[in-house]
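Per TrEMBL, these features apply:
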DOMAIN    14-98  domain 'GS beta-grasp'
DOMAIN    106-478  domain 'GS catalytic'
BINDING   Glu131, Glu133, Glu216, Glu224, His273, Glu363  Mg(2+) binding site
BINDING   Arg326, Glu332, Arg344, Arg365  L-glutamate binding site
BINDING   Arg344  ATP binding site
Amino acid sequence: MENYKELKKIVEKNNIQFFDFKYTDLLGKMRHLTLPVERLSEKLLKEGEAFDASSTSGMKSVASGDMVIIPDIKTGHIDPFWESPTLSFYCRIADAETKDDFHLDPRGVSHRAYEYLKELNIADESLFAPEYEFYLFNSLKYNNSDNSSFYFLDTDEINWNGFESFEDLGKKEGLKIFEDDGYHSNPPLDRYYEARNQMVKLIEEFGYHVRYHHHEVAGASQHEIEVIPQNIDRVGDMTQTIKYIIKMIAKKFNLFATFMPKPLYNRPGNGMHFHQLLKKDGKNLFYKKGEYADLSETALYYIGGILKHGKALTAFLNPSTNSYKRLIPGFEAPTAMVYSKGNRSAAVRIPKNFTSEENKRLEYRTGDPTCNIYLAVSALLMAGIDGIKNKIDPRANEMGPMDKNIEELPKEESDKIRHAPSNLRTAVKELKNDYEFLLKNNVFSEELIFNYIGKKMEESNKVNNRPHPYEVELYFNC
């Protein structure tokens, strides 16, 4: 829908009773405000609805007054999960008086990044295709208090390596997937294919196109959905929509969906790999036949920018303490700040199955689903732009190509390779020392970056200050 008249027709045709205004806070959490249909007016669509920005994570600004959320009418869709017919919109956050974009609005950051790309006349499309990896659990229990800390996750798809009794074990009926042998498992081992089918059906109905879905490596009910690339000004809304759909369909099947990077010890983690390419006038700027992996000079400079700023990027792409339990060297973790055609330890991989001019791309593998999607894609694009503008050649900076097994390199070679930070606190410090490239054209603001840094340091402190259950096992009887 494009205007108020079209909106009114949809409201009348579908007996809409509520409007739901959705927005995303600084840490990536989607929030919503619901209005009765009687509030519908052209004034509401133009001026939005007031809200308390200071009560949402990281959105309090020293320079901000009252804020409003203004619906983006083009994003309107009927929510398939609400019993009362409800029309949902993604919103931009604006100053209540001037209606200017609020500089701490993550969605606005991604739009400014796209405008900056076009103003530089580098490209007119910045395409991203995140890979959505997640677990589905039958049982979720957790609690943290001053004298207790535990979590319990369970799935019917696997027998764990320990159990209390054969009687308890027998309660899990049917076939089981072997540990870490879940990749492309077929029914009946793949128990929740129908849940994924319903997820994908809804994703398609929302106007986003799915490449495929399948069971992932972990036998403990890990899954993946891959999509066709979308432009940066749509990929944030797409990701928030897909995560919402996955969680709500899981709920319908009495399951719990989690995108947590490492929910289970000693099992594969959930990443969010970002496929990326630039186009101009319909032409893929990353393709040049005959070069290494058929990559153009533009692609190499883009990669150079990402790898140069790779440590700082982890603060946005791996923004949780749990993220770094996935990024452990030796487990094919994509921690090495190099590019490669096949090395899965490389932060940037050039997929071998995308060989044509139309679909040549790079894949940034380090990221995970705890990221604020709007900030993540914006930071990646800004790093890539910096690489193109300053002609940062990864080949001249010990950043690849690296097609050898990094784990088997001689020490003198491996010592030259930079790696991703090993914890959130270090990642945040890297961002604090390397953020100037994000400020170009006011895409990011210093206030946003330092608000974000402050929130992430708070998270790190909260986790670090708590005794861990395994510490009790190790040290209680010291």
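Here the Cβ of each residue, glycine as well, is placed from N, Cα and C on the backbone.
Non-local neighbourhood of Arg365 (L-glutamate binding site): Gly271, His273, Pro334, Arg344, Ala346, Ala347, Val348, Arg349, each in the same chain, at least six residues away, with C-beta under 8 Å from its C-beta.
Taking CA atoms as the reference points, Glu363 (Mg(2+) binding site) and Arg326 (L-glutamate binding site) are 18 Å apart. The C-beta environment of Glu332 (L-glutamate binding site), restricted to residues of the same chain at least 6 apart in sequence and closer than 8 Å, consists of Arg344, Ser345.
Shown for the domain 'GS beta-grasp' (14-98): DSSP residue counts in helix, strand and coil, namely 15 helix, 34 strand, 36 coil. Per-residue confidence over the domain 'GS beta-grasp' (14-98) averages out at a pLDDT of 93.
With every protein chain in view, the residue among the binding-site residues His273, Arg326 whose Cβ has the most Cβ partners within 10 Å turns out to be Arg326.
Listed in sequence order, the residues of the same chain lying 6 or more apart from Glu224 (Mg(2+) binding site) and placing their CB within less than 8 Å of its CB are Glu131, Tyr132, Glu133, Phe134, His213, His214, His215, Glu216. Classification of Arg326 (L-glutamate binding site) by DSSP places it within a helix.
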